[in-house]
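Enquirer: I'd like to ask some things about the structure below.
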2 protein chains.
Amino acid sequence: MARKYVYFFGEGKAEGRGDMKELLGGKGANLAEMTSIGLPVPPGFTLSTEVCTEFYKNNRQYPDGLTEEVEKNLARVEELMGKKFGDPENPLLVSVRSGARVSMPGMMDTVLNLGLNDETVKGVIKQSGDERFAYDSYRRFIQMYSNVVLGMNGEILEDLLEEMKEERDVELDTQLSSADMKALVQQFKDKVKETLGRDFPTDPREQLWGAIGAVFGSWMNPRAITYRRLNNIPAEWGTAVTVQSMVFGNMGDDCATGVAFTRNPSTGEKIFFGEFLVNAQGEDVVAGIRTPQPINKGKGDSDLPSMEEVLPECYAQLMKIQQILETHYRDMQDIEFTIEKHKLYMLQTRSGKRTARAAVQIAVDMVKEGLIGEKEAVLRVEPRQLDQLLHPSLDPKASKEVIAKGLPASPGAVNGEVVFTADEAEDAARIGLKVILVRIETSPEDIHGMHAAQGILTARGGMTSHAAVVARGMGKCCVAGCGDIKVDYSKQQFATKSGAIIRKGDVITLDGSTGEVMQGAVPTVSPELTGDFAMLMEWVDKFRKLKVRTNADTPNDAAVARKFGAEGIGLCRTEHMFFDAERIMAVREMILSEDVEGRKKALTKILPMQKSDFKGLFREMKGLPVTIRLLDPPLHEFLPQKEAEIEEIAKVMGVDASVLRHKVDYLHEFNPMLGHRGCRLGITYPEIYDMQVQAIMEAACELIQEEGYRIVPEIMIPLVGHVKELEIMRANAVRIADGVIERLGAKVEYLIGTMIELPRAALTADEVASQADFFSFGTNDLTQTTFGLSRDDAGKFLPQYVEQNILPNDPFVTLDQRGVGQLVEMGCEKGRKARPGIKLGICGEHGGDPESVIFCHKIGLDYVSCSPFRVPIARLAAAHAALMDEA
Amino acid sequence: MARKYVYFFGEGKAEGRGDMKELLGGKGANLAEMTSIGLPVPPGFTLSTEVCTEFYKNNRQYPDGLTEEVEKNLARVEELMGKKFGDPENPLLVSVRSGARVSMPGMMDTVLNLGLNDETVKGVIKQSGDERFAYDSYRRFIQMYSNVVLGMNGEILEDLLEEMKEERDVELDTQLSSADMKALVQQFKDKVKETLGRDFPTDPREQLWGAIGAVFGSWMNPRAITYRRLNNIPAEWGTAVTVQSMVFGNMGDDCATGVAFTRNPSTGEKIFFGEFLVNAQGEDVVAGIRTPQPINKGKGDSDLPSMEEVLPECYAQLMKIQQILETHYRDMQDIEFTIEKHKLYMLQTRSGKRTARAAVQIAVDMVKEGLIGEKEAVLRVEPRQLDQLLHPSLDPKASKEVIAKGLPASPGAVNGEVVFTADEAEDAARIGLKVILVRIETSPEDIHGMHAAQGILTARGGMTSHAAVVARGMGKCCVAGCGDIKVDYSKQQFATKSGAIIRKGDVITLDGSTGEVMQGAVPTVSPELTGDFAMLMEWVDKFRKLKVRTNADTPNDAAVARKFGAEGIGLCRTEHMFFDAERIMAVREMILSEDVEGRKKALTKILPMQKSDFKGLFREMKGLPVTIRLLDPPLHEFLPQKEAEIEEIAKVMGVDASVLRHKVDYLHEFNPMLGHRGCRLGITYPEIYDMQVQAIMEAACELIQEEGYRIVPEIMIPLVGHVKELEIMRANAVRIADGVIERLGAKVEYLIGTMIELPRAALTADEVASQADFFSFGTNDLTQTTFGLSRDDAGKFLPQYVEQNILPNDPFVTLDQRGVGQLVEMGCEKGRKARPGIKLGICGEHGGDPESVIFCHKIGLDYVSCSPFRVPIARLAAAHAALMDEA
């Protein structure tokens with residue numbers, strides 16, 4: 001039996017179904033489905049994706065019998081429509097559309113009005129009684145066809161159209177007369193011949209096969225190939241082609257066209273919602289030439305008459321249909337319709353795009369309505385979207401004056417008075433002022449100011465600059481790399497591109513979700529973590545398998561993260577505790593000491609501070625696991641740079657300033673990222689880690705004795721490249737920890753593990769595991785070393801890389817699975833093999849990126865850890881991952 | 001049948017053989033072998049390594065029957081020696097020695113004079129007639145035994161000896177009387193009892209088993225375990241124990257002891273060569289208390305009577321024996337002998353250590369003598385040693401005044417006038433002066449001065465500092481990290497630790513092979529690359545499979561490398577061509593241009609210079625392959641730093657100095673190693689690579705047309721992390737190259753490949769290979785990124801890492817096979833799988849490191865590339881690798 005290649009749909013009967021997307025593409029499957037459930041769909045047929053596959057298998061030859069099948073189906077359409085393809089009296093016009101399983105840029109998309117020529121156009125005039133409409137359709141057809149099917153540069157015909165408008169001294173196409181359009185048709189045909197050396201095809205069947213061939217041909221054009229490669233879409237999927245009879249919403253006042261959503265896509269409210277235009281074509285709604293009218297009476301801000309009023313019968317029919325569709329598809333639908341002489345036709349239905357707020361509301365409502373189950377509800381909300389919900393946002397009703405635009409580095413909306421130094425920010429915060437810290441770029445020395453400020457605005461740096469990364473970690477609003485502003489520290493002001501000057505003390509508003517900077521205080525609305533959101537997250541936690549921890553350095557961070565559902569701390573960066581203004585002096589004293597004794601003296605001052613830090617964290621986490629990373633960054637990050645600072649510290653230490661200056665110079669590094677940091681410090685200055693371990697263990701012991709929590713500190717040694725480093729550091733830590741336990745007589749267990757953040761650690765994870773109770777993949781640094789890419793310096797070329805599709809994503813945002821992920825997987829496998837049951841987690845920024853979280857689930861990590869404000873996103877992504885396993 | 005555990009040797013008969021090292025250890029096997037071939041060896045027996053294995057398998061119990069076997073063998077020794085173990089009249093004394101397959105630090109080594117107690121010492125007095133000798137032996141035995149067998153701190157008894165010398169007011173042990181020695185024996189025994197709480201063992205059998213147990217026990221002591229782990233020696237190998245009867249060279253003037261080499265170990269001359277002492281023990285020769293006498297009459301500088309004269313019969317016998325040994329072992333032997341009352345005993349023979357010069361001479365001579373074949377000759381010379389031969393060296397006869405010592409960073413010996421800046425060096429060289437460039441440390445801006453200087457001396461930086469690496473690359477003598485000197489640029493002088501001041505213009509000499517710095521000009525001798533050396537290298541080239549190329553940036557480097565046997569250029573770093581004083585201005589203009597046009601204008605100036613560089617290289621290599629790497633380093637390395645430079649370049653470019661200063665600031669990078677460099681420059685500023693490809697191809701085309709060489713340029717794109725980068729760079733290069741070929745009408749093939757120097761490139765080598773005709777593993781950068789270790793900054797901790805055995809080697813010197821090597825292997829495998837026949841090479845510093853070269857052979861690379869002066873080393877290492885395959 002011959003294979004079936006063409007699938008008919010029309011008049012309540014369809015050979016395809018909605019679940020046949022693989023064979024018929026998204027468009028074809030949905031049209032078939034709508035037809036089957038009795039909705040009014042203009043008849044047509046779909047050439048399946050198998051035709052595409054055969055086409056390429058047989059050296060671009062169509063399979064045998066295809067022509068006959070197409071003819072047979074065309075005849076059925078003609079019969080249903082009472083028109084004939086190519087008939088000069090009453091011609092059938094069709095649209096030809098591509099339809100892959102997923103929509104794909106680069107593919108030929110649509111040809112409308114196919115079947116027109118100098119003869120059939122007369123039939124259209126006769127049927128519509130509208131010559132201008134007929135010739136406008138004809139010239140549009142020639143334009144579209146010659147461009148997408150014949151491959152002619154679209155501008156050539158566009159230029160003729162423009163010339164005509166100039167000649168007639170009009171601005172809009174609609175102002176051209178019927179005769180103008182007719183003339184254009186001739187000009188277009190002449191130009192096509194001149195350009196391509198052959199006549200524009202007049203035979204409708206030639207036109208049809210030309211369009212079909214163009215769709216299949218575009219499957220293998222370079223843009224489509226690239227897109228597939230980047231998105232891992234196999235070439236074997238192929239595309240389908242749908243041929244459908246045209247219907248027209250622009251044949252008079254009893255015609256219309258419109259788009260609608262079955263629920264409000266921005267609030268989620270259960271109200272049918274849409275716009276339409278009388279006597280118009282689909283493109284006109286989009287083009288914005290006329291103001292569309294509302295569908296419902298009395299809803300929205302429009303004063304224009306509604307469809308409910310203008311076309312009440314069609315409105316009643318559409319209301320019924322939209323309910324059928326939503327119930328049928330069990331999701332909010334985005335629909336397109338056309339009314340031709342009082343007859344309603346459905347042209348498209350698909351799941352509608354929606355805001356995060358709407359997504360949550362709709363998902364929860366639909367569970368309540370019994371339309372979907374909890375699992376489906378969870379899958380209906382995109383993890384990435386949630387970010388919008390977790391920060392204050394600008395009141396959508398407020399007016400705003402945007403003065404500059406930078407990168408949306410860390411979401412949220414805040415306002416405050418402008419300050420230009422971290423110290424000012426801190427001083428202002430101390431007396432209760434709300435400030436925005438504005439810097440050319442930030443450095444670790446600005447941390448206290450960033451903490452104190454409402455938000456951060458930088459003129460330089462990308463999405464992964466210091467300001468951006470730290471701000472995201474703090475959940476603090478940040479607009480980074482705002483090249484529109486010119487900061488002048490000396491004058492304490494910045495200028496915008498438009499020449500406005502903002503001075504210290506002026507109030508501005510930042511929107512970290514859009515990158516906009518506004519003058520004055522724009523009102524904001526708070527995030528809503530209760531109600532529907534809380535209910536959805538309850539379901540989320542039921543389904544996910546991956547634990548979600550947070551990266552938190554302070555009790556405050558920890559408290560926020562707990563509120564967002566964190567199940568422990570996956571990364572506490574102890575160095576952040578060192579930058580505190582009161583402590584930095586002792587830290588500097590420690591670094592600049594000439595010998596162990598000097599360092600120990602300074603460390604003695606730091607010990608009680610660190611201990612109280614850890615107590616705070618443990619107390620906040622109430623027995624949940626807390627992973628504490630020992631000192632990681634290069635020492636020179638803590639160094640005084642200014643002469644006055646050097647002199648001050650020299651006085652405290654009782655040494656000569658020149659000696660200190662020499663030491664500061666000595667500590668300078670060419671590539672600090674690859675320098676004397678992490679456990680390398682622990683090896684050369686063991687007393688630093690000794691102090692930290694002592695502080696951790698004393699804090700844990702005392703809290704256990706005082707408050708009775710079960711605390712199991714997880715001590716993490718950073719930057720291990722060779723097992724031997726960990727072996728030595730572990731032995732030291734065990735010695736100190738056991739000493740504290742014995743001295744304080746407390747019963748405390750503890751774990752000692754390492755970050756896997758260097759390729760060598762992943763490559764030799766079997767060896768490293770012999771000394772580690774747990775691995776935490778530090779994918780920030782692992783990405784830097786695997787790519788040989790400094791996050792601080794990448795701003796000069798990484799944006800171009802992402803723009804040009806050299807890299808599909810910023811690898812510091814979404815884990816590079818093929819490269820970095822390969823190392824992570826290798827690390828897991830080797831680690832588990834050498835030490836079954838080893839605890840595995842990830843604590844890079846990727847722990848809060850949905851795609852990366854799904855990868856972490858796939859390779860079987862125990863937990864991810866991310867900044868507090870991304871915890872709900874990670875929880876939702878983890879649930880998605882688990883539910884995808886079930887599917 | 002019971003297993004055999006003990007192997008006897010004595011009186012021409014031995015149960016063991018020389019090839020039984022696995023069972024008897026090196027020492028035991030050689031003693032057995034010497035015995036078998038009829039040489040006079042004091043009889044003894046060896047407990048095999050299987051005893052050791054059984055010992056540990058059975059919870060530190062000896063295997064059954066061992067005691068009986070030892071007794072039986074002891075009896076045979078007693079019989080042959082006519083003495084009895086423990087006999088107070090004529091006691092047999094023995095030595096107990098460990099002997100693993102390879103010698104191993106941390107193992108118990110030797111106990112001499114075992115069998116002495118208060119009774120047997122009297123027998124020794126009787127036999128030797130020398131009471132002082134007997135008691136001296138006795139007290140030495142107690143010292144040695146209580147330390148190495150009983151585990152007592154050696155200093156405790158040493159202190160008693162020192163006290164005794166103070167009491168007697170003498171300086172040397174030899175000045176103590178017989179009575180003193182006797183008193184010491186008593187004091188020693190008392191002290192042992194006091195310290196260990198038990199008597200020193202007096203029963204000779206208890207002493208013997210104690211010593212045997214100590215040897216086996218030491219196999220598992222921590223130092224030995226660590227050593228085995230680091231050197232990949234399996235614990236299962238075990239150690240053997242050899243028990244041998246003592247003979248004494250210090251029983252009178254008819255006794256003697258000595259060491260000798262069968263050929264001269266420093267020149268290789270075929271002359272028996274050695275020293276001896278009459279009436280002395282082995283230790284005395286080493287201790288240097290008396291001046292040893294020569295063995296041959298009239299050879300060497302000594303006026304002392306030779307053995308030939310003093311003990312003519314023994315001399316004649318020894319001459320015969322050394323010839324037998326050399327013929328037997330087919331290698332130059334290092335032998336130890338003792339003469340007891342005119343009777344010659346052989347105590348040891350082993351292959352003698354030798355200088356590189358001697359190694360080559362001996363290997364070639366032995367082939368001529370028919371003793372060994374060519375393959376064996378090749379294997380007899382250590383590749384690493386060759387380095388000594390390839391540079392001028394200090395005349396060993398010259399006297400020298402060493403004023404400071406640094407790291408032997410790059411071999412050779414040179415002298416010249418001291419200068420302190422690169423510019424001075426260049427100026428001086430221009431007028432024909434020989435200079436030594438002295439810097440605190442060097443930077444890329446000093447390259448021209450380093451080129452111009454005879455040698456480089458730096459006060460700071462390790463073996464892998466900029467100065468060291470660049471100097472080795474240039475084959476230029478360098479002493480780096482010379483902390484002994486204090487450089488004062490402002491005074492144009494440096495001070496040594498001893499307070500000497502060396503001023504600009506003073507002449508100094510550097511020895512880059514020892515790190516010594518000398519005042520004045522010390523004469524040097526030239527390397528000898530002809531004669532024996534050339535013959536050996538001819539054999540080397542017959543056997544090796546790996547090709548050896550060179551890293552060369554100038555025609556001069558290329559010429560040197562050809563002389564050393566390079567078969568092409570594996571890496572030409574084009575950026576080195578940019579630092580030339582005449583060019584740097586144009587380069588800076590290019591970097592600082594605000595737009596493409598500005599850059600293109602500057603590049604037009606550079607094009608002819610680059611072209612002539614490439615022509616020079618191609619011409620020098622006469623058709624051999626030349627791999628040219630396009631611009632790699634971060635642009636800011638070329639930037640002007642000083643205000644005056646900025647102003648100068650601003651003038652040339654006709655822009656404001658402040659604009660340039662801003663640009664310089666903008667180009668600053670936090671981690672330049674991971675920054676905007678390599679193909680990232682090619683992506684953002686394609687015109688740079690376009691110019692370079694044009695220069696390469698024009699050079700090749702013109703030379704082919706002018707001189708008819710077959711030139712196939714290999715264009716290398718650096719720092720690829722993602723295949724897409726290479727895809728774009730390749731397409732650009734092909735476009736430019738094909739354009740040149742067409743324009744010039746030449747027939748030129750070319751290859752386009754990439755460096756694999758980022759972990760991600762290795763991990764995704766299958767993808768990368770789709771765009772690469774060849775891979776060259778850039779293991780310098782690959783080591784930096786895999787370890788997360790900056791070569792420029794590692795000086796602060798890497799030395800400590802190597803010292804503490806955290807890393808077995810400096811990974812920038814010897815390839816880290818387990819980590820970095822794993823990536824290289826992965827890269828090869830994936831690359832070959834995706835593109836069979838892809839050309840694979842390595843161009844990191846490791847290409848000249850023998851161990852790394854062997855690894856490259858093993859994983860099947862096509863070639864290694866190294867600095868010119870290491871080419872012969874790489875050739876030899878490659879031959880070793882190939883010959884090891886045959887074995």
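Including glycine, each Cβ sits where the backbone N, Cα and C put it.
Feature table excerpt (TrEMBL):
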DOMAIN    B:22-59  domain 'Pyruvate phosphate dikinase AMP/ATP-binding'
DOMAIN    B:66-299  domain 'Pyruvate phosphate dikinase AMP/ATP-binding'
DOMAIN    B:313-369  domain 'Pyruvate phosphate dikinase AMP/ATP-binding'
DOMAIN    B:435-515  domain 'PEP-utilising enzyme mobile'
ACT_SITE  B:His466  active site, tele-phosphohistidine intermediate
DOMAIN    B:531-881  domain 'PEP-utilising enzyme C-terminal'
BINDING   B:Arg573, B:Arg629, B:Glu757, B:Gly778, B:Thr779, B:Asn780, B:Asp781  substrate binding site
BINDING   B:Glu757, B:Asp781  Mg(2+) binding site
ACT_SITE  B:Cys843  active site, proton donor
Enquirer: Under a criterion of Cβ-Cβ distance under 8 Å and sequence separation of at least 6, what residues of the same chain contact B:Glu757 (substrate binding site)?
Expert: B:Pro718, B:Leu719, B:Phe777, B:Gly778, B:Thr779, B:Asn780, B:Asp781, B:Leu782, B:Thr785
Enquirer: Using the alpha carbons only, what distance in Å do you get between B:His466 (active site, tele-phosphohistidine intermediate) and B:Arg629 (substrate binding site) once rounded?
Expert: 20
Enquirer: Any idea of the Cα spread of the substrate site, B:Arg573, B:Arg629, B:Glu757, B:Gly778, B:Thr779, B:Asn780, B:Asp781, as a max distance in Å?
Expert: 15
Enquirer: Who sits close to the residue listed as 'active site, proton donor': which same-chain residues at least 6 apart have their Cβ under 8 Å from its Cβ?
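Expert: Listed in sequence order: B:Arg549, B:Asn551, B:Gly570, B:Leu571, B:Thr627, B:Met755, B:Ser776, B:Phe777, B:Gly778, B:Thr779, B:Val864, B:Ser865.
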Enquirer: Around the recorded substrate site, report the further residues of that chain (criterion: Cβ within 8 Å of the mean position of the Cβ atoms of B:Arg573, B:Arg629, B:Glu757, B:Gly778, B:Thr779, B:Asn780, B:Asp781; site residues excluded), sequence-ordered.
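Expert: Along the chain, the qualifying residues are B:Leu571, B:Asp632, B:Pro718, B:Met755, B:Ser776, B:Leu782, B:Cys843, B:Gly844.
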Enquirer: Going by DSSP, is B:Glu757 (substrate binding site) part of a helix, a strand, or coil?
Expert: coil
Enquirer: Should B:Asp781 (substrate binding site) be counted as helix, strand, or coil on the basis of DSSP?
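Expert: The three-state answer is helix.
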Enquirer: Ten-angstrom check, please: count other Cβ atoms within 10 Å of the Cβ of B:Asn780 (substrate binding site), all chains counted.
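Expert: Result for B:Asn780 (substrate binding site): 18 neighbouring Cβ atoms inside 10 Å.
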Enquirer: Give the nonlocal contacts of the domain 'Pyruvate phosphate dikinase AMP/ATP-binding' (B:22-59) in its own chain as ranges (CB under 8 Å, at least six residues past its ends).
Expert: 3-16, 66, 70, 73-74, 76-77, 80-81, 94, 97-103, 212, 216, 219-220, 236-247, 321, 324-325, 328, 343-350
Enquirer: Which residues does B:Arg573 (substrate binding site) neighbour through Cβ under 8 Å, counting only same-chain ones at least six apart?
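Expert: B:Asn551, B:Asp553, B:Arg629, B:Asp632 - these are the non-local Cβ neighbours of B:Arg573 (substrate binding site), listed in sequence order.
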Enquirer: DSSP-wise, what's the residue breakdown of the domain 'Pyruvate phosphate dikinase AMP/ATP-binding' (B:22-59) into helix, strand and coil?
Expert: 24 helix, 4 strand, 10 coil
Enquirer: Taking the Cβ of B:Thr779 (substrate binding site) as the centre, count every other Cβ atom within 10 Å, in any protein chain shown.
Expert: 29
Enquirer: At a CB cut-off of under 8 A, do any of the recorded positions B:His466, B:Arg573, B:Gly778, B:Thr779, B:Asn780, B:Cys843 come close to chain A? List them or say none.
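Expert: Near chain A - Cβ to Cβ under 8 Å - we find none.
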Enquirer: So for B:Gly778 (substrate binding site), how many other CB atoms are inside 10 Å of its CB?
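Expert: Around B:Gly778 (substrate binding site), other Cβ atoms within 10 Å: 25.
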Enquirer: Using a 10 Å radius around each Cβ and counting other Cβ atoms from all shown chains, which of the recorded positions B:His466, B:Arg629 yields the largest count?
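Expert: Its Cβ has the most other Cβ atoms within 10 Å: B:Arg629.
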Enquirer: Taking helix as H, G and I and strand as E and B in DSSP, count the residues of the domain 'PEP-utilising enzyme mobile' (B:435-515) in helix, strand and coil.
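Expert: Across the domain 'PEP-utilising enzyme mobile' (B:435-515), the residues distribute as 18 helix, 27 strand, 36 coil.
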Enquirer: Within the domain 'Pyruvate phosphate dikinase AMP/ATP-binding' (B:313-369), count helix residues (DSSP H, G, I), strand residues (E, B) and coil residues, in that order.
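Expert: DSSP composition of the domain 'Pyruvate phosphate dikinase AMP/ATP-binding' (B:313-369): 30 helix, 17 strand, 10 coil.
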Enquirer: Give the helix, strand or coil assignment DSSP yields for B:Cys843 (active site, proton donor).
Expert: coil
Enquirer: I'd like the Cβ neighbour count for B:Asp781 (substrate binding site), meaning other Cβ atoms within 10 Å of its Cβ, all protein chains included.
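Expert: By my count, 23.
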Enquirer: Three states by DSSP: which one describes B:Arg629 (substrate binding site)?
Expert: strand
